[in-house]
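Undergrad: Below you will find the structure I want to go over with you.
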């Protein structure tokens, strides 16, 4: 679960288990000088590398008036595609590449438009639109694209030399990778060591919450004790937590094997789904973890996700990320980091924490509310430029008057994101509707009017 705001990429590992020899749908956009014979030379390279062209379109270059851009949707192996790209680089300017997992299928593109509406976007228009899940079940695809598995520990990780702990982490990876939408979340029988570690974290943080946590957190925490078994001697089960959240704010949780890219993680929020780890940090140092664990998820995130206004704020960040460019997703992820992970708010004239990274860290929770912390007003335009720190305290924290204020600021910021459409979450079908033409917008407005009149 990459909530660091850093755009981590693992080259050559898409997480889908495909070999380089397997075929797949792929796309490339390249630009040529607008001269006779240029396209023929480029397309001859596709023939030489035995790359089958499924669809081809041309358009005026967005960068230079003297050039034309060619969109090619092709079917080939990863090896053939990579060899083709190396040759194309000598004759053309590569504008963009899309690996198979980021390509829209014919069925998805057909579903991109409301029934009976005029198709406005073409394949070529979509080459700049990264794939995103159109229905909640497609989050299964996002959750499989793990950048770093929970069993892959760095050498400086407290559990690196503990083979028993590493095997235990592998178990949690297997549980998460096997999970599919709609299934009950498997219940885990936590070991005595894991319960002890959880207990230390729970006990120490509980001492700080009355004076450091925001009122929304303090309102929901006793309810989690009552309905989800939040106790010092018990690690709550994700299934119980998910049922509780669904009733309170419409959010659910699902297990995940490790770090996701910001794009995939934020896509879950668009559906009010929170990807959640189930493993517990290493017992040798209960008050430190180099990565999010279930203590962080359950104590940091869950109490606030039960608040309807906070849930709406979280979902809107997710919705803004769908189909956005890598650069814009990075900005949204950074804003997420300094709000939902490390955000502060003002209540009764006092600073209070609502960020999960603070509410699950004893040391940083104390620091953020002390005179030593550098506290600034939350403004997405400047906050998105702040460096996110993972292994040390943040150099700055950002404060909002309320969740509502933060949400309104993020809404204004989202207007700067360049997409050829807007999106609407349909809560009945739990799917994303694309608002591109007048008819699609009218349909949503009509549905909303019907809801208000009943």
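From the backbone N, Cα and C atoms, a Cβ is placed for every residue, glycine too.
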Undergrad: Suppose you had to name the range TrEMBL annotates as region 'Disordered'; which of 1-23, 24-46 would you pick?
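TA: Residues 1-23 are the ones TrEMBL records as region 'Disordered'.
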Undergrad: To which of 314, 360, 416 does TrEMBL also attribute binding of L-tryptophan at the site defined by 259, 281, 289, 390?
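TA: It is 360, as the record lists it for that site.
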Undergrad: Given that TrEMBL lists 296, 301 as binding Fe cation, which residue among 327, 341, 348 does it place in the same site?
TA: 341
Undergrad: Quick one: of the binding-site residues 296, 301, 341, which has its CA closest to the CA of residue 289 (L-tryptophan binding site)?
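TA: Out of the listed candidates, the nearest Cα belongs to 296.
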Undergrad: Tally of helix, strand and coil residues over the domain 'ACT' (27-102) according to DSSP?
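TA: Across the domain 'ACT' (27-102), DSSP assigns the residues as follows: 28 helix, 33 strand, 15 coil.
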Undergrad: Would you mind checking how many other C-beta atoms are within 10 angstroms of the C-beta on residue 259 (L-tryptophan binding site)?
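TA: For residue 259 (L-tryptophan binding site), the 10 Å Cβ neighbour count is 24.
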Undergrad: In three-state terms from DSSP, label residue 281 (L-tryptophan binding site) for me.
TA: coil
